[in-house]
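A.B. asks: Here you go, one structure.
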Amino acid sequence: MDMMEAFQRVGLALAIGLLAGIERGWQERDLADGQRVAGIRTFALVGLLGGLAGYLGVETGAAVPAMLAAGLTIAFVVFEYLAAGPRHDFSVTGVVAALVVFALGIVSVTGDMRLAAAGGVVTTVLLAARHALHGFLKSMTWVELRSALVLLTMSFVALPLLPNRAIDPWGGFNPFSVWLMTVMIAALSYAGYVAMRIGGPERGILFAGATGGIVSSTATTLSFARISVSQPVLARRLAGAASIAGGLSLVRCFVIASVVAPVLMAPLAAALAPGLCAFILASLVLNRSGGNAGPETELQLSNPFELQSVLRFGALLGVIGFAAKVLVKFLGPASIVFIALVSGIPDLDAITLSTAHLAGGAVPIHTAAIAVLTAAVSNLITKVVLAYSSGTREYGRLLALVTLVVIVVGGACFWLYSAVLQ
């Protein structure tokens, strides 16, 4: 390499060390002088040393970088041990971080500079996220950890073993596709569940409604209905939070359908976007006019990544997908609307996925969009029924009114969209 490139690569190694050093120095900023083991200067020099080791390795071979790495490891272990003192609070993180910075310095000179830069950023983020990661692990229960590990195993071990083809005579059941969609939906729900756990009940009812809507808007609506019975004064705010959950269910429906069948984005957006705006406006109005939250407003939702829940959804998705494909084949594309009307009652995701897979093929795009919207309406009405049956009359009445406005606004906008296209 020429001298200009060498300066650039060694400079990147120094920058990586500075970046990690800033984080380590900030963590130890309250310690007195002489008590800091390794800060901004030390890590900057480690990065520079890695860059120079890489440069020397290019010129002389791998022996020099290996000797420097061994010496650096011994030096850091000794200094960390001495710094631990009689308390024996030895931390291996500092040693590993220094070795990673040293290795990234070598990569900066001998390998891809983009990889080295990305590695430096990721290393710094991991070091800075110490308290957040530890807090997350402390708050995680064994059931949640076990469920996630089981699902990861089934996704990355079992999924590749499933046949990626239809195994029935009608071409309606593809095990690989069904299980892949199942894991994707469970992961999306788990993300909302984690956000709700991290945020906690102190973030307020609206936050609980938003995160709960990502997990399961139906379960969220039912949970708020039960809270409204114990705290009737919160009926308006709970209805507003349930509206947010309903709006998030529409967003979730749109995202799922658009990822599987991008051709559905425009027709679905024409109806779901106005409906979402109506939900948000209603939730803000109801939240401002509601009472103060009490100690019993914590939202109770089960872990959506539990194995039983995922298998149940996978079975539902497989049955609906198979039925949709077979009925469309024998009864025509219009039958998908009736299937959506019935399937949307217990779950919106399964019929959305099944319909999206057929859109533009066995089912025309416009018919597929109508089917998805029909399922959404069916699911929204189900939530209103649950609100009335399990909550107070005011909670059910308010949610029914908001849902009616959403259906009318969304339906009118979809009709205008269809009229313009025709």
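Quick reminder: no glycine exception, Cβ is built from N, Cα and C everywhere.
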A.B. asks: When you get a sec, could you say which of 145-164, 305-324, 325-344 is annotated transmembrane segment by TrEMBL?
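C.D. replies: That would be 145-164, per the transmembrane segment entry in TrEMBL.
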A.B. asks: Do at least three CB pairs under 8 A connect the transmembrane segment (365-386) and the transmembrane segment (205-227), leaving out pairs fewer than 6 apart in sequence?
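C.D. replies: Result for the transmembrane segment (205-227) with the transmembrane segment (365-386) is yes.
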A.B. asks: How about the transmembrane segment (365-386) and the transmembrane segment (239-261): do they have 3 or more C-beta pairs under 8 A, pairs 6 or more apart in sequence?
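C.D. replies: Per Cβ check, the transmembrane segment (365-386) touches the transmembrane segment (239-261).
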A.B. asks: Give residue numbers and ranges for long-range contacts of the transmembrane segment (239-261): same chain, 6 or more residues beyond its ends, CB-CB under 8 A.
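C.D. replies: Result: 181, 185, 188, 205-206, 208-210, 212-214, 217, 220-221, 224-225, 228, 268-269, 272, 275-276, 279-280, 282-287, 290, 348-349, 352-353, 355-357, 359-360, 368, 372, 376, 379-380, 383, 387, 394-395, 398-399, 402-403, 406.
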A.B. asks: Cβ under 8 Å, sequence separation of at least 6 from the ends of the transmembrane segment (268-290): give me the contacting residues as numbers and ranges.
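C.D. replies: Non-local partners: 205-206, 209, 233-241, 243-244, 246-247, 250-251, 253-254, 257-258, 369, 372-373, 376, 398, 402, 405-407, 409-414, 416-417.
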